[in-house]
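The domain 'Fatty acid hydroxylase' annotation in TrEMBL covers 83-215. Taken from TrEMBL, the feature domain 'Alkylglycerol monooxygenase C-terminal' covers 304-374. What TrEMBL lists as transmembrane segment is 6-25, 46-67, 79-96, 136-158, 301-321, 328-351, 387-406.
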Amino acid sequence: MTFPNYTNEAIPLFIAFIVLEWLVVKLKKLGKIRHNDFINSLSHGIVYDVFGVVFRSFTLWGYDWLYERRVIDLDWSSPVTWWVAALGVDLGYYWFHRATHEVNLIWASHQVHHSSEEYNLSTALRQSMFQRYFSFGVYQPLALLGVPLSAILVHAQFNLLYQFWIHTEVVKNCGPLEWVLNTPSHHRVHHGASKWCLDKNYAGVLIIWDRLFGTFEPERKDEKIAYGLVGQPQSQNVLWLQFFYFGAVFQKARSMSTCGDALRALFYGPGWFPGTPRLGDPDTFPDVRAPRAKYDPQLPLWQEVYVVVHFLVIMILHNIFISQSATLSWITVLMFFVFIFVSVGIIGAMYDGWWWAPLVEAARCVAYVAYARDMAVTNIVLLDTAILAYFAMSTLLWVSQSLAVVKATVKAAKLE
C-alpha cells in the first residue's frame, strides 16, 4: 500500500514562504539572510532527502504486526481515531525530540538542526541524515491502541509540516495561541544557545506537553537570543557538520576510565562528565550571549555567483532523483547519490577555504561532462545543453585553479 507524500507535495509552498520571508526581512530591514548559511541549510535538506531514498527508513517496522494484536479497536474512518493519532504522534514526537537532546549519541544527529547561527524558514530544512533512524519504536505503541498505520503516516507528516513555519523571526507573537500551540516565539527559545534556552520547548505542535512535563520556557522580551550550538563549529561544510559530532561522542567515550562511564558518555546528556548529574552540571556550561560573532566566510563575487548557479543545478538534479529514483537502475541511483553528496560538500569546502577544493571541483565538473555529453539528464534539450556548457566552462576554470594550487604546493615544498 502506498500513501501520499505530503512533504514532497509541500516543497513549492516551502519555497514560496522562504521567498516571502526573505522579502519581508529585506523590506522591513529586520537583518539579513546570509547566502552561505542559507545554501548550507538547503544543502542539509537535500542530503536528508537523498540519503532517505537510498537508505530506506525502518522506523515503523513491526507496526502492522502490533496492530494485529491491538487491545483496542478503533474505526479507521472515525474522527476519534484521527484525533487519537494526532495527539499520539505529537506526544511521541515530544519525547523523541527530548531524547535527541538528552542522549548524547542521538544528539550527534540532531545537533545538525541546531548548527545554524541564523533563525529563518530555511533552518527548518537543516536536517540530519541519521536522526530518523533513531526514532524506531517511538510510534509503535499506538498500534496497540488501535491506531492504523495510515493515520500515523499522515499525522507524522502533518506534524513535520506544521513545524516548518515556526522557524522564523518575522512572526513575533500569536496571542492566546501561545498557551496551546508551539509558535515561533516558543521555538526561538528552543534554538537558543544561552543557558536559559537549553533543553526547553521540545514540542512539535502542542506546547502543552512542555507545560505538563516541566520543560517550558517563554521568550524573554528584553533578551536577544544567540542561535546555534554552545560550542559553535566553524564550518559551512554540510558533510562535515553531518558527521563531526559522532566522532566527538566516540572520542569522549574512549577517553573514559571505566566501561560504565564510557556507556554514560554515549547515553547520558551531551554536557555530562563523571561526577555530574545525567544531563551535566548547568553551572559548568558556557553562558552564550547575543550578539555572538558568527562564522561568516565570504567568497569573491564571481565565485559567489558560481556557487549559486551550481546550487540551482544541484536542486534540479535532486528533484529528478527524488521523483525518478524508483525507475532508475541501481548504478544510476548510486551515481546520483555520490554526485549530489560531493556537490554540496564541495560548496561548503569553498566557503571554508579548504586548499583541495579546486582539485575536487575540477574532478566533479569533468565527471558531469563525461556522463552528460551523451545522456539526457533533464529530458529538456535546451536545459541539458546549457548545463553541459556551464560544466564544460567550469572544468576549464577549475583545472587552471588546480594547476595553480599544485604549483604553489610544489613551490612551498621546495622552500622547505
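In case you wondered, yes, glycine gets a Cβ from its N, Cα and C as well.
Keep in mind that TrEMBL annotations are predicted by a computer and have not been checked by a curator.
Same-chain residues lying 6 or more positions outside the transmembrane segment (328-351) and placing a CB less than 8 Å from one of its CB atoms are 36, 39-40, 43, 46-47, 50, 53-54, 235-241, 297, 299, 303, 307, 310-311, 314, 317-318, 320-321, 357, 360-361, 364, 367-368, 371.
Restricting the average to the domain 'Alkylglycerol monooxygenase C-terminal' (304-374) gives a pLDDT of 92. Here the transmembrane segment (136-158) has Cβ contacts under 8 Å with residues 1, 3-7, 58-64, 66-67, 69-74, 76, 81-82, 84-86, 88-90, 92-93, 95-96 of the same chain, all six or more residues outside its ends. Helix, strand and coil residue tallies for the domain 'Alkylglycerol monooxygenase C-terminal' (304-374), in that order: 63 helix, 0 strand, 8 coil [DSSP].
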